[in-house]
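S.K.: Here TrEMBL flags 324-350, 358-371 as compositional bias 'Low complexity'. What TrEMBL records for 9-129 is domain 'Gfo/Idh/MocA-like oxidoreductase N-terminal'. If you look up TrEMBL, you'll see 146-265 marked as domain 'GFO/IDH/MocA-like oxidoreductase'. According to TrEMBL, the region 'Disordered' annotation covers 284-308, 324-386.
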Amino acid sequence: MAAAATARIRAAVVGTGGIVTGSHLPALRDHADRVDLVAAVDVAADRLDAFRAAAAEGGTFAVTGYSDVAAMLEAERPDLVLIGTPPSLHREQTVAALKAGAWVLCEKPLCLTLAEYDEIAAAEREAGGPYASVVFQHRYGSGAVHARELLAEGALGQPLVAHCQTTWHRDTAYYAVPWRGRWETEGGGPSMGHGIHQMDLLLHLLGDWTEIRGMAGRLIHEVESEDVSTALVRFANGAMATVVNSVLSPDEVSRIRIDCADATVELTHLYGHRNDDWVYTPAPHLRDEPARQQRWRTPAADLPSSHGAQLTGLLDAIRDGVRPPAAARTPAAPSSSSPRSTRRPSPGSPCARARSCPGTRTTTPCTATTPLGRRRQRPPPPRRAEAAMTQHITVTHTHGTRISVASGGVELMAYVYRPDPEAFEARKPYAHPLRTLAGNPVSGYRPSDHRWHKGLQMTSSHLSGQNFWGGNSYLGPEQGYQHVEERVGSMRHDGFEEFAVADDRLRFVENLTWVANPSVQHSGGQEWAREVRTIELHSVEPEEGTWALDWSIRLTNIRGEALHFGSPTTAGREMAGYTGLNWRGPRDFTGGDVIGPDGRGGEGEKGASDLMGTPAAEAPWVAFTGEHDGVDGHSTLLFAHAPENLDNTESIHASHWFVRSEPIPSVAPSWAFFEEFELPPGESFGYRYRVVVADGAWDRARAEGYLKNHGW
């Protein structure tokens, strides 16, 4: 049945992780005139709350949160349900939505076995109208639409030979997510979870294949499923193709090549394609026939492959009450080009025996550089009307080491999550260098006075007798600072829970573990806390000369006894309450000016002293301006608390500003300046901050105007 033509389609999302927040939500925003997002389901309350807040930005959607799919379906009765949960949940959630009368758009794979597929097909038949679609967004880019038309009409000649390649790189941290790499929860390796998009596009272009000969193996990763697969296939039209899927490849690429009698068409991209990614090469006998080649040119309108492009077609299908193009098919017998061909091998099968063979092992670190920003992974979120135009970014992820973000030819930030080797510096991730859009550096790294100061980093100077700040530990007024190596802890990078790149925005969610020093008596090397860190770089605005970084922390005590958070001031040193998120400026920022709201602050160390220890509730922001050596110019960093940090009912402890201009430039929104606070076992706390990096010297009006126009 079709949804009412006069009303917006009521939609709900199940799962609010990276793929839903980074891909589905922007797509829904772009179609807000046709669809209303009314509900979201997630078992993680914090993640759900963050998603609801993001959906409400600009007044776009008012989303009701649920922890249970059945309760949401009963209360909301949505027309459309978008599913972005781990694969093992897809069948159950898809069937429930269909039985409730809702259409479904589910992330791949739709299901894990033929039996699960049959359940979905039966639910479709019983529903009598709603259909379940799979996210195969590469079909919907204008370049793919054009290529399919050319192949269908024979403009390129008879298809003869093809190649389908998805060779990506996923490191050990990627598989630290519990459901990945397991047959029962993910259903397969790169064939099911990565290369499926390119294979779907190949099938979309050439039709069904009729013969498959494959080989798969597990060469590096300690997982159940394969980490590489290859196949030879024959299509119904006679064409033959090779298919390669890998998560072991340092040089990452997604590619489809089809050699026809009159031309070769080739697509090269990574996570999404545009018109320029499609290349047509004429056969020798047509190179002197420009009129024939004119037909091959991609259309002037450039629609990138994206969730938004697919959503347009799905909404049209719901309006018309017809099966969407990417809906699951229900043939009388299994079709090798549909999800019904997805089988989980039985334990005694030859495939299962091959799966258990570890193959050739390697001890060489595998590093990959991925220019995600050059290939548009998804449409950017809509820009606020009052904000300046934003500029595209390029993200380079050197897997296992660092993430670099550049714009306009300038590296704005590098986030290093494989920390430096010196244990006494409290090994932990950090952001350095930080640069303005003009290319001026605004962070310091391992200065001679404090080798453990590294750009922008999360710290804890006093934590139950341990030092997660680095360097010498303050032991009280009588002993002062002492070199005590066994007091220095570390923060271990465990992996990325989410990693989303848009044209002008990077967002990733990192999992970390805070580990006590191995020398600590009775608890050496003990894991004390789990951190979920979310970092988002956004609002790159050349006209304003600014970009912004949001940094949030959610920390949970896993020690088994209370954790006590303090600072040197809580240990007896006056006005030295540094802890929490900390910025160290470059040496030429020494003596810089510091201002806050309501006339606070001023020039040099006098301004810093005026703000030192000021409650964040009285000064939600602080701006630090420094003058550069070598160039004529100033830069400003604006540090701001999120509203919930200032709410005594939401934050675990009141924050105060630690600010110095001399002898070193440093700012920290300290969470334990004057008093310790306790985190009981199993309990969590969270804070969220924004750092704005700007060219030029800012005054209060400029700082307050920026914060007013750039909401949370």
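Along the chain as shown, the residues are counted starting at 1.
The backbone N, Cα and C atoms fix where each Cβ goes, glycine too.
Small disclaimer: the values here were computed from a predicted structure and weren't measured.
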S.K.: Are there residues at least six beyond either end of the region 'Disordered' (284-308) with Cβ under 8 Å to its Cβ atoms? List them, or say none.
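M.R.: Beyond its ends, the region 'Disordered' (284-308) has Cβ neighbours at 23-24, 26-27, 30-31, 135, 137-144, 146, 150, 155-156, 262-263, 265, 272-276, 278, 376, 378-379.
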S.K.: Could you tell me how many residues in the domain 'Gfo/Idh/MocA-like oxidoreductase N-terminal' (9-129) are helical, how many are strand and how many are coil under DSSP?
M.R.: 63 helix, 24 strand, 34 coil
S.K.: Restricting to the domain 'GFO/IDH/MocA-like oxidoreductase' (146-265), what is the model's mean pLDDT?
M.R.: 94
